[in-house]
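Peer 1: This is the structure, below, for whatever I ask next.
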Amino acid sequence: MKSFSPSTLVWIAVASQLGTAQNCPILGPAYPAVANLAAPKLTAAKARFEKALESINRTSTSFAVQVYSAHDDGLIYSTYNTATERVGAATVGPDTIWRLFSISKAITVYAFLAKLGDGYWNEPITKYIAELADAPVRDPIRDVNWAEVTVGSLAGQSSGLTRDYSLRDRSTVQTQIPGFRELKDSEIVQCEALRMIMKTYPWAPSYRTPNYSTMAFQLLAYAAENITGESFPDIVVNELFKPLNLTRSYVPIPRNETNIVNYPKEAWELDLGDLSPGGGYSASASDLSALGRSILRSTLLPPILTRRWLAPTIHTGTVWHSMGRPWEIMRHRVPATPASNVTRNVDIYAKQGGGGVYTTAIALSPDHDIGISVMTAGDETQAAFNTIREAFLDIWLGAAEEAARDLAEATYAGSYAAKTAGDNSSIVVGLSPGEPALFVSELISNGTDVLAFAVNDAGRGGKGGQFGLWLYPMGLVDEREKGKKRVAFRGWPGVVGVELEEACGSWAESDRLRWGNYPGDSYVFVVEGGKASTVENPGLGRTFWRV
């Protein structure tokens, strides 16, 4: 049998990945997230964000905005504005209460997960709401096939159900609309929830296409009540509000509060009843930020459950938006550096709410461990909200990416070498200008220049430029030893400056080499006192020490 040296085998695997020779980022962060809220790039973003918000009409629109990190209980940034025209709060601040409207859907799912986990997602809803099991399916266009509607599809806007059964039905407020059919008394919408839900038309078969449904979350709450024997408002309070000390959050709208935004009064006092799990909750900006921070931290859920939750479940008709449970996932292109035309895709897990003059949102960037809470109300609320949203995407995500890049350079960049006498092995780690991720520009193993060997043996995929390895963090961190942590990265070979192709497939090209079951593309750094002291490649069987 022909034998190969470890170095040769490493680059046989590398050669197979050189067809495009591009820096094709994997899904996930390019660098470990920044924990320091005073990082210079984050500090500089505040003034830019304030400048972007100058276009908002502050006379007619009240708002509260908080940007926060998973790594600190404080805020990276906050700003508040009290409209001088019809606002309902003397002074808007961090504890002012706003109607959340459809953000309630995310809170409902969070409470369900905290109480019951996600083991029920694939179960049919008919198992937990017996009345639905008795509903006949005579006409597939007229009748919902409830046996195909799962608990998870209700949470993920993929149940195929219509929007709701009464909120937008004009028969609740007027007896006749010119040109519309006359209704029998039995057809007029009343407060018999399940009977009316069973009378609704389907939107589509479940899991075919996403559709916005508020009543889906009413059914999700009914299922939780039938499983646990507890009222759903009690589940929300006991599983979320109390453990997180959310003292300015409410399932029923508070009637005796004065620090509220209640313009118009009718919108504030709207009682959604059993539809509240889909839009009836209220909270302050500070409480909403604490809720978002707890998700990023996995405070109430096991980390594996959080990772399953922060994932798409179905796509929409645009490549830039997908749906989760019930996340409205925006895919945003973040530049590697401010002057670079090289970008990577960052998924933002958001839930927006709105009704009347209110527009609200919670948005999380797991790649950066940051989030934002946005509350707006007033005559120009949508324009204000859009300005804040775009500024968050363009300014705060870019700043978080830059801050993480600076931290990665300070922590990991440098020259490392073997300590063993006579072992000519070394590695140089740094950044490639205008490209995401750490970059290995030199790698010598036992006297062999493995980067030169690889590019000479396999070529550059027809591309010019410097050849090397991009290192991406894998979310695997060992902190068992006090004062030290081991952080795992994986390496992807390529050529600097190659334009990214939409069809790049780094996820399918990784981990191609095993040497005695040791990975050849793994790089494990030991960080002490905020600085990497060593880097190990298990496949090469070498540890390199900072020099």
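The count begins at 1 with the first shown residue.
Glycine is no exception: its Cβ is also placed from the backbone N, Cα and C atoms.
According to Swiss-Prot, the feature signal peptide maps to 1-21, an assignment based on sequence analysis. According to Swiss-Prot, the feature N-linked glycosylation site maps to Asn57, Asn211, Asn226, Asn245, Asn256, Asn341, Asn424, Asn446, an assignment based on sequence analysis. Positions annotated as active site, acyl-ester intermediate by Swiss-Prot: Ser102. Annotated active site, proton acceptor per Swiss-Prot: Tyr212, in sequence order, evidence recorded as similarity to another entry.
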Peer 1: Among Asn57, Asn211, Asn226, Asn245, Asn341, these being the glycosylation sites, pick the one whose CA is nearest to that of Ser102 (active site, acyl-ester intermediate).
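Peer 2: The answer is Asn211.
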Peer 1: Out of Asn256, Asn341, Asn446, which of the glycosylation sites is least crowded by other Cβ atoms within 10 Å?
Peer 2: Asn256
Peer 1: Near Asn245 (N-linked glycosylation site), how many other Cβ atoms are within 10 Å of its Cβ?
Peer 2: 10
Peer 1: Can you tell me the three-state DSSP label for Asn226 (N-linked glycosylation site)?
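Peer 2: Going by the DSSP assignment, Asn226 (N-linked glycosylation site) falls within a helical segment, counted as helix.
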Peer 1: Using a 10 Å radius around each Cβ and counting other Cβ atoms from all shown chains, which of the glycosylation sites Asn57, Asn424 yields the largest count?
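Peer 2: Most Cβ neighbours within 10 Å: Asn57.
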Peer 1: Specify the nearest of the glycosylation sites Asn211, Asn256, Asn341, Asn424, Asn446 to Asn57 (N-linked glycosylation site), where nearness means the distance between Cα atoms.
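Peer 2: Closest by Cα: Asn256.
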Peer 1: Roughly how many Å lie between the Cα atoms of Asn211 (N-linked glycosylation site) and Asn226 (N-linked glycosylation site), rounded to a whole value?
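Peer 2: Pair distance, Cα basis, whole Å: 25 Å.
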Peer 1: With the cut-off set at 10 Å between Cβ atoms, which of these recorded positions ends up with the most neighbours? Options: Ser102, Asn211, Asn226.
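Peer 2: The residue with the most neighbouring Cβ atoms within 10 Å is Ser102.
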